[in-house]
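What follows is a single structure, written as structure tokens, with notes after it.
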Amino acid sequence: MGSEASLKKNAVLIGVFIILKVQAAPTLTDDEADAGELRDDILEINRELKHLFEGDIAVKPQRNAILDKTRRWKFPIPYILTDSLDLNAKGVILQAFEEYRLRSCVDFKPYNGESTYISFVKLSGCWSYVGDDRTGQNVSIGARCDTKAIVEHELLHALGFYHEQSRSDRDDYVKIWWDEIEEGKQHNFNKYEDDFITDLNTPYDYESIMHYRPLSFNKNESIPTITTTIPYFNDVIGQRLDFSEVDITRLNRMYACAETHTLLDQCTFELINICGMIQNEMDNADWVQTRSSPSDEDHTLGGHCRDSGYFMRFDTSSGAAGNSGLLESRILYPKRGEQCLQFFYRMTGAAGDKLVIWIRSDDGTGAVNTFKKIHTIIGEGDDAWKIAHVTLKTSKKFRYLFQGIRGSASSSGAILIDDITLTETVCPSLVWQIHNFTGLLTTTPLGTPVKSKCAYNSEGYSFGVSVYPTGRHSDYPDYVGIALHLCSGENDGVMQWPAKNRQATIVALDQDPDVTLRMSSTRSFTTGRQ
Ligand SMILES: *[C@@H]1O[C@H](CO)[C@@H](O)[C@H](O)[C@H]1NC(C)=O
Ligand SMILES: *[C@@H]1O[C@H](CO)[C@@H](O)[C@H](O)[C@H]1NC(C)=O
Ligand SMILES: *[C@@H]1O[C@H](CO)[C@@H](O)[C@H](O)[C@H]1NC(C)=O
Ligand SMILES: [Ca+2]
Ligand SMILES: [Ca+2]
Ligand SMILES: [Zn+2]
């Protein structure tokens, strides 16, 4: 996907989906949530620190990290989360590890006496060394550095990467305004020649999580020190959502990654082999790979391209009530005991058509034959593309299955599925899809929330999310506000109050069908300590 397209898609979808993952329990009502991109970036946080190079690199680079193979890590990398860290920092470090495991072969494990390791400490600012020092090294996650994206950035330094604008060919892509740089800070804009670093045969990447922002080390708070040759990217450089596509390509090239740790399967149904899925032959109907039409658009392309975009369709307009068709995935081999199956579906028939998710797993003899019903979705007759997250818990080889069932003899439509992702990660506790967000933006006054339904986290606390489409304060009119609140739930008499030391993570989900390319906006916070 072109970088411009992917960022546009991302921007359009922020606020459309709110996924809330409460690993323990939610915060109290009206806690001031983090102000999104208003948050300072690494360089502002590190402003007073004198011992750093390029803003957040701990030692002046004298040896080349990116070309010197002795400075590459062996996986898994042993890590220590020291007691100095804030609770929220510990949580986001673990989340950053999971993003690496989803997209690459990089892996981490708790330290157990190894000679080389990463120790996460809360010192002043956010910084790292470049490459493996082979003696054990610190990564600082100081005050205000506790976001997933900042941890991802510092870990890319530790893995051997410099900032994007220090590439040897950077002058073809960005202009450095030397006169606008604060006195004595010019060395932060050094570039390295190609005998020192390699671009791993990738183009200059304005979207990189390793790029400076326009106002880095500036004298005058409104005048940039770095601007882009293609003006569009002035608003893009310095993004701190997640890895870019090129960041991932480079990481996987440098470490010769052949596979990722937690991605089991994904399918957009664009190819005729339908990702190796098969039709069950014991039932009385089949799913059909179907091309988008103006009346039935697929989810991947959303009807933007003619004669392309495919999805799977189960017809519910004919046959007897109860007719069913099973679509089965290929055989998959899980490594963890828990998976999250995410997919988009649309039910255009009468209310009552059913979409049932099954797994079929190893029966003990090596044959994948033991069926287990996991989740049933009943059509509401409302015709919209919806997202589903279904938790599977299997540690044996298995297939996942979609069963379409015609609900009644009067049904007249179809069940469609598209953009499936199966990862060995934990599903969010609450997923909220806000339809027609554009409409809400025009009709909701400032300071007015839209509220989600309440949901339970894994412990039993009940909570919900409020979204302020036009913001919470007139000071920040261009921002969407998001807040978490507790709901009264059936476990209230049993739960402990107040709910302290819990972390909540709110994600505005990028819907790129390739989960490894998603650049969602993510914020985490923890409830107060005693
Ligand atoms: C890491 O930081 C700790 C705490 O400041 C310090 O005692 C230790 O020497 C540092 N280790 C290295 C390798 O710099
Ligand atoms: C910053 O730049 C603006 C616009 O050129 C100018 O009006 C202002 O005086 C400058 N501020 C400082 C502190 O130099
Ligand atoms: C979205 O909401 C606006 C304002 O309420 C309304 O005018 C518009 O028709 C809605 N669009 C869709 C597709 O529902
Ligand atoms: Ca598709
Ligand atoms: Ca069949
Ligand atoms: Zn950096």
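Here the Cβ of each residue, glycine as well, is placed from N, Cα and C on the backbone.
His163 is the only one of His163, His187 that TrEMBL places in the Zn(2+) site (with His153, His157).
The recorded positions near ligand 5, defined by a Cβ under 6 Å from one of its atoms, do not include any of Glu154, His157, His163. Following the DSSP three-state reduction, the secondary structure of His163 (Zn(2+) binding site) is coil. Same-chain neighbours of the Zn(2+) site beyond His153, His157, His163, judged by a C-beta within 8 angstroms of the site's C-beta center, are, in sequence order, Ile42, Glu54, Asp56, Ile57, Ser128, Glu154, Leu156, Phe161, Tyr162, Ile209, Met210. For the pair His163 (Zn(2+) binding site) and Glu154 (active site), the Cα-Cα distance reads 10 Å. Here the domain 'MATH' (427-530) has a mean pLDDT of 89 out of 100.
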